[in-house]
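Copied over from Swiss-Prot:
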ACT_SITE  Asp121  active site
ACT_SITE  Asp139  active site
TRANSMEM  9-29  transmembrane segment
TRANSMEM  65-85  transmembrane segment
TRANSMEM  97-119  transmembrane segment
TRANSMEM  134-154  transmembrane segment
Amino acid sequence: MNLSKTGLPFLWISAVAFFTDLITKLAVVKNFSLYESVNILPFFNLTYVRNHGAAFSFLADHAGWQKYFFILLALAVSFMILFFLYKNQATQKLQNTGYALMIGGALANAADRAYHGFVVDFFDFYWQQWHYPVFNVADIAICIGAGLLAIDAFKQNDKKESKQN
């Protein structure tokens, strides 16, 4: 099989997401004290926090087993998505880009968790006293990837409906 005709060439996007995330986290850890916050806009701070759980600090208050669980989960999901990329055609650009972003984000957070025992988060959006959960570049990559997959699914559904009519 010619691998250039699969979704695997899109893995460069995973590498960009992975390294962008790790570089930004390194900059935060080197230049901020824990919980230090710098106001950027009236609704946005850079705030260094440590997330021992998953999205929205899910399971953060447990005894430490969740670190290994989330690392294994990220690896398993990444390998599954890698298989999807292998099976996809290179022409499935939206889906392949979404998958690649999700792999890069998942592996970046897993690497952070394996190295530190937690994930470094720093994007802090808020309105008055309400704060959205703090997140990082890897989280953005995962969410954009999931959004691209949703858009692709709707587009595929529209194509099927138009063929039936």
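Even glycines carry a Cβ here, placed using N, Cα and C.
Within the chain, the transmembrane segment (9-29) has long-range Cβ neighbours (under 8 A, six or more residues past its boundaries) at 3, 46, 48, 85, 90, 93, 96-97, 99-101, 103-105, 107-109, 111-112, 120, 122, 136-138, 141.
The two recorded residues, Asp121 (active site) and Asp139 (active site), have Cα atoms 9 Å apart.
Of the listed active-site residues, namely Asp121, Asp139, the sparsest CB environment within 10 A is found at Asp139.
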